[in-house]
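The ATP binding site annotation in TrEMBL covers 239, 240, 241, 242, 243, 244, 245, 246. Taken from TrEMBL, the feature compositional bias 'Basic and acidic residues' applies to 525-535. For 218-616, the entry in TrEMBL reads domain 'UvrD-like helicase ATP-binding'. Annotation comment: TrEMBL describes 502-535, 578-599 as region 'Disordered'.
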Ligand SMILES: Nc1ncnc2c1ncn2[C@@H]1O[C@H](COP(=O)(O)OP(=O)(O)OP(=O)(O)O)[C@@H](O)[C@H]1O
């Protein structure tokens, strides 16, 4: 093959530019066609017959989806190219590409020369030329798989893989990988060249911003296998920090939609541990051309209308997350219903046909016990309560005795029920005596320590009940106070236990909308999160069940959260990604049980990712010392690159403030991207104050509590007092491991007395 020089590189860039120009010309034609179709389709509706209207809707939909896709402004619409030998069996698929993975037997001549039989360009969407030859293959199509899967060990038909870097419509560079270096290959009689330094390293070396980028141009083979795994049942993915679990999960969502759009019109839910990680990853799916059918939600934002703004202390979170809460909530739901009786009038008095009929306190108590003998959710028991009250009033009023004829008696009874039910005195009483309970009201009722200790007998320890009651006091007497992340799973559980109170009917969703995914018909402007009225389509209406559920950072879900997520995927297929070594939950066995319950008996397919793309080996090596303490025997992933920059160590005296400010400033000058400052959760507020008024570059600095750092990454990270982070909870060492694995370039650890640093400032926990 020809050697690389600038002339060759420029010529190759120029060639790719010409190709890209042709693609854009074709895209413009398609946009013109789509606009024309849309126009026509809308006018078709004026015919007015039901058939014409249905056809119009279908056409508008098809044209609209198309237009939306074409209009999307992609950074690098076309990003890949593979040059391939002819296929073994000579068969071609629907996209015109050879289907065979292996080359034809005579593809390589005895003198190790070969001719390239086809060249495929890979992009974010498929584009066909006017004569239906593929100009660009969608990255998710089977024909694109060799772009990701081929390796020098098993190259299949791929001779050269090229990543094309472009911005808007301009090609900036090309990076080639040679999969069959032993060959001299010719394309249209001209020898194939190789240029560039490799796409993966270029991607990894880029400065980090506040949002995650897609990895579509450089997905690695072991990741591609997971992304394209069949959707059936449960796909479980484990892998250490930085192995691309989050990236893979998001690309998988886009892949599944491509594979079976109709099926996943039922919605894909991606559950993320924190709102910070949601906003960090929010841009990835739109950049892949997918968003309408995918709801990316923080675990504290899974219940509509509830926004968790508070973090519970670890010891409180442990109580709220435990599956023992199910039993307690069941008791509390019934207990709160009983409490309601105490606020209702002592007796029930109604006037029917001029006569006064009354039920006394003891009779009412008896009726209540009778109603509660059913195990049904208490809100659903209200009709039964109503019926038993009417029975008692009818009996007390002597109605039964007045009619011998059963038919007349039945009529009279019906009239009686109607009259009584129309009386304000009856309806007001019923509302007070058997109110429809909202979940928040039950949680608020649990804030009373004495009451809670009664309800939680033999379920929680005394100390746990006290912690729980004190935490719930924040909700106030009517439950309208601020909600914590862990309260959300309790509210969701209660919704099932209580039975949802009847709500005013919302406008029915358009069935076409649900079936075909008209939600995709948004414009780039609609999706601009900087617009004040922006709401992603999934935020507009709550969906309770999904066709596929993807759980990111699955190791962190508490048993109660697993129950909440499980309810949203009862009929779903699942992708569950996580790393046990990063778990901040203290009782992994209890969580594993809840996870098994949520996933049911569906068969599972397991994958492991083994390469760390985030951390340089210098950072990974330091973090692995904590891994050895947190999970002895666990094997860290292999870091794919090294920077030669060893982590720095600093020591602080009374307050870390000055050391943190100085170090952050220094790092800001050293990296182009972001700097994360990770502190123990208890120091979050302080850390914000330390980092105020930093001056130039301050917008690149993010102070974080250790639990908030989950899944995020920064060019440089400052970790303050490892010992404080480790001591904050029984899972503290694993939380520290998370903190130490956030940096893509540089890491500084700042220690105080508690860290027992040596002369070099290396804290006790990080020494070899
Ligand atoms: N194939 C790839 N090409 C380019 N970048 C990649 C690739 N795979 C992963 N990365 C990058 O590596 C970083 C880590 O990826 P990601 O956050 O998905 O890892 P993770 O396994 O979820 O990590 P953690 O467990 O620490 O949350 C990201 O910046 C991601 O873009």
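Each Cβ is built from the backbone N, Cα and C atoms, and glycine gets one as well.
Remember, TrEMBL labels are computer predictions, not curated facts.
As the structure is a computational prediction, the values presented were derived from the model and not from experiment.
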Remote residues contacting the region 'Disordered' (578-599) - C-beta distance under 8 A, at least 6 residues beyond either end: 234, 237-241, 245, 314, 318, 321-323, 551-560, 562-563, 565-566, 569, 627, 630-631, 634, 707, 710, 729-731, 734-735, 737-738, 741
Chain-internal residues, separated by at least six, CB under 8 A from residue 243 (ATP binding site): 609, 610, 611, 612, 613, 637
Residue 243 (ATP binding site) - helix vs strand vs coil (DSSP): coil
DSSP helix/strand/coil residue counts for the region 'Disordered' (578-599): 15 helix, 1 strand, 6 coil
Residues flanking the ATP site, with Cβ no more than 8 Å from the Cβ centroid of 239, 240, 241, 242, 243, 244, 245, 246 and excluding those residues themselves: 579, 609, 612, 613, 614, 637
Chain-internal residues near residue 242 (ATP binding site), provided their CB is under 8 angstroms and they sit 6+ positions away: 612, 613, 614, 615, 620, 637, 639, 713, 741
C-beta crowding around residue 239 (ATP binding site), within 10 angstroms: 22
